[in-house]
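Chemist: Dropping the structure in here first, questions after.
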Amino acid sequence: MRGAEPLVHCLTNSVVRQITADVLLAAGAAPAMVDHPDEAGDFAAVASGVLINVGNPTTEQIEGMHAAIASARDHGTPWVLDPVAVGGLALRTGLATGWLDHGPAAIRANASEIVALAGAGAGGRGVDSTHDVAVALAPALSLAERTGGIVAVTGPQDIVVTNSGGSTIATWVTSGHPLLQKVIGTGCALGAVTAAYLGAARTAGLPDHDAVVAAHAHVGAAGTAAGRVAAGPGLFAVAWLDALYTLTPEEIADTVTLLDASP
Amino acid sequence: MRGAEPLVHCLTNSVVRQITADVLLAAGAAPAMVDHPDEAGDFAAVASGVLINVGNPTTEQIEGMHAAIASARDHGTPWVLDPVAVGGLALRTGLATGWLDHGPAAIRANASEIVALAGAGAGGRGVDSTHDVAVALAPALSLAERTGGIVAVTGPQDIVVTNSGGSTIATWVTSGHPLLQKVIGTGCALGAVTAAYLGAARTAGLPDHDAVVAAHAHVGAAGTAAGRVAAGPGLFAVAWLDALYTLTPEEIADTVTLLDASP
Amino acid sequence: MRGAEPLVHCLTNSVVRQITADVLLAAGAAPAMVDHPDEAGDFAAVASGVLINVGNPTTEQIEGMHAAIASARDHGTPWVLDPVAVGGLALRTGLATGWLDHGPAAIRANASEIVALAGAGAGGRGVDSTHDVAVALAPALSLAERTGGIVAVTGPQDIVVTNSGGSTIATWVTSGHPLLQKVIGTGCALGAVTAAYLGAARTAGLPDHDAVVAAHAHVGAAGTAAGRVAAGPGLFAVAWLDALYTLTPEEIADTVTLLDASP
């Protein structure tokens with residue numbers, strides 16, 4: 001990833017733009033936030049990956065998202081959907097549901113959002129999840145089949161599933177730290193890192209599934225490392241950025257447990 | 001507060017959304033920024049508390065604020081008004097003045113903003129205050145009488161007043177640290193923490209006045225703690241978040257001086 | 001600068017508003033973000049300096065920028081143009097090019113943006129620069145002549161040029177640290193600090209050129225100091241803010257190398 005330095009076009013919510021950009025820089029990618037409808041299509045055409053995060057959208061940004069998704073499809077740019085708080089709020093639920101048919105390379109969300117997006121439940125309260133990750137496995141497989149892309153469910157353990165072309169893969173990723181839940185934007189930034197890894201993997205001819213697993217492993221391992229030195233969320237956020245920057249692939253592999261649970 | 005984990009709906013300015021969310025998480029609340037007019041009313045109905053902060057509004061966000069305030073009133077959700085830079089700028093002065101008649105549970109501001117909102121002066125320059133807190137006592141009592149809610153004036157010492165139903169209470173809160181003025185959003189985040197404490201207090205059947213005092217004590221005590229370890233605003237902000245997360249109620253009480261100055 | 005505490009009106013992109021405000025506070029200025037078209041003109045009239053940063057604009061913010069620039073000109077407030085990603089995206093390229101005739105006191109950008117803004121090339125990819133600073137010298141002199149203001153090109157070495165009224169000055173500023181490129185908003189914040197120094201210098205009757213050099217020296221020296229204690233971007237950002245706050249003018253002068261390269 002660091003060698004490729006993929007350019008990631010983020011259309012994300014206004015709460016987490018700074019930390020999302022800082023995380024991408026620390027992880028070895030190049031961030032750019034381009035939301036205006038007159039610019040978003042042009043930029044998605046040249047980016048390595050695109051993130052669409054529906055947390056706190058504006059009417060104008062939604063137009064930019066439509067333009068970016070259409071351009072990403074036309075130019076073969078992988079795009080990631082983060083359906084923040086879908087299920088609980090009608091506007092974004094309608095948007096995210098409609099975009100399922102536009103070929104997201106990956107969907108990244110918590111369990112409640114995946115359950116809601118798959119039409120199987122009512123969602124959580126905002127960014128919180130009121131469901132266990134395991135409960136979201138069947139809805140995730142259903143979404144992966146419908147979109148043809150990867151679906152990643154983030155929680156105490158993450159699960160990454162592929163279910164297309166007759167192939168079903170499910171990988172459990174165990175890493176992270178509870179303080180990741182006490183810093184805003186860690187999940188949203190993971191969506192951006194997922195877009196970065198997808199962009200780098202496509203360039204290198206590697207599978208999308210492995211890219212999404214690698215993104216979750218990198219972010220989670222950095223959380224584990226930060227949790228070793230920090231007792232509160234302030235220092236944790238600082239140490240997490242540093243670990244995203246300094247961890248080697250070997251250190252990430254030593255920190256994270258991967259489990260193949262393909263059916 | 002931490003046990004209740006109140007859900008705080010923030011409609012706040014774009015400069016401080018990230019730190020406001022981080023402060024709420026550190027203090028034990030669950031933040032959600034939902035500004036779109038199509039979503040803000042629905043969300044205010046289910047939130048424990050709502051923050052309306054008029055710093056740097058957009059036309060669309062102002063529509064969302066109107067929707068959130070109306071919904072908060074209808075559903076009995078306590079809402080907090082932070083009249084940033086009111087007095088100096090006409091648009092937000094008109095908005096904040098109009099909302100005085102919509103039952104804010106609390107107003108949190110610096111002395112210049114309270115003086116201007118009460119119609120007694122011309123305001124400061126942006127987020128700075130050019131008035132002493134003591135000068136704002138009479139205007140604060142006037143605003144508290146008019147709205148029926150609490151009014152909190154933030155400064156080197158804070159004062160929290162109630163003046164409704166024949167009852168007048170004034171509490172001085174002495175805590176904090178000068179470096180709080182050198183980190184953007186500490187005052188704005190205090191408005192959000194005030195909404196969180198009001199939400200938790202209402203659930204527990206405790207008085208609003210005590211909730212607002214507790215919010216100021218928690219935020220101020222964390223500032224005092226951070227000031228013990230930090231010489232500049234960078235490390236101070238980190239240590240402040242950590243202290244918001246780790247301070248016990250006993251440590252807060254030991255750090256803060258409360259003085260009943262009811263007339 | 002710290003004695004003057006200039007009020008800086010920032011119309012900047014939504015990714016970097018928090019860090020821009022924190023940097024201004026740490027450097028001794030007072031930040032205020034006022035984007036609404038109904039307020040931006042009034043505020044630019046009373047500010048000491050104005051920053052116009054075209055990264056990720058909204059339609060409404062663009063109206064605010066037009067109002068702020070017009071008001072700044074009318075009231076003699078120095079304003080700084082940061083043409084983020086100009087060259088690569090049509091909307092902002094049109095805006096920035098049009099504003100060249102509205103008397104910016106300074107333009108601050110990376111080499112690719114300066115090359116593109118001068119009409120000499122196609123720009124970089126987003127905030128990255130694909131050109132060396134030296135390549136931008138001739139385009140920078142051309143822009144400085146056209147606008148009558150200062151042009152600063154930021155890179156591993158910065159160059160600050162003046163080229164008006166028959167006088168040509170070029171100053172190389174050597175300072176900083178590579179980790180400045182791994183924290184979002186360091187360049188954008190430098191634009192804001194430039195507006196702050198210009199405001200303070202005008203009040204004190206000092207030359208604009210010296211103010212822009214001083215801004216780059218202050219920000220760069222803080223980067224050098226932070227690089228001595230930090231190995232990753234998380235701690236670097238914290239230490240950089242602290243150094244902006246604590247460095248004395250003498251320490252800045254000892255850290256930075258200035259070279260007069262006037263032709």
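Numbering starts at 1 and runs along the chain as displayed.
Just so it is clear, glycine is given a Cβ too, placed from its N, Cα and C backbone atoms.
Feature table excerpt (TrEMBL):
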BINDING   B:MET33, B:GLY185  substrate binding site
BINDING   B:ARG108, B:THR154  ATP binding site
Chemist: Tell me, how many other CB atoms lie within 10 A of the CB of B:THR154 (ATP binding site), whichever protein chain they belong to?
Modeler: 28
Chemist: Just to be sure I understand the packing, how many Cβ atoms besides its own are within 10 Å of the Cβ of B:ARG108 (ATP binding site)?
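Modeler: That number is 31.
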Chemist: Per DSSP, B:ARG108 (ATP binding site) is which: helix, strand or coil?
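Modeler: In three-state terms, B:ARG108 (ATP binding site) counts as strand.
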Chemist: Any same-chain residues 6+ apart from B:MET33 (substrate binding site) with CB under 8 Å of its CB? Would you list them in sequence order, or say none?
Modeler: B:HIS9, B:CYS10, B:LEU11, B:THR12, B:ARG17, B:THR20, B:ALA21
Chemist: I'd like the number of other C-beta atoms within 10 A of the C-beta of B:GLY185 (substrate binding site), please.
Modeler: 26
Chemist: So which of these binding-site residues, B:MET33, B:ARG108, B:THR154, B:GLY185, get their C-beta under 8 angstroms from chain A?
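Modeler: Near chain A, the qualifying binding-site residues are B:MET33.
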Chemist: Which binding-site residues (B:MET33, B:ARG108, B:THR154) come close to chain C, taking a Cβ gap under 8 Å as close?
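Modeler: Checking chain C against the binding-site residues, no residue falls within range (Cβ-Cβ under 8 Å).
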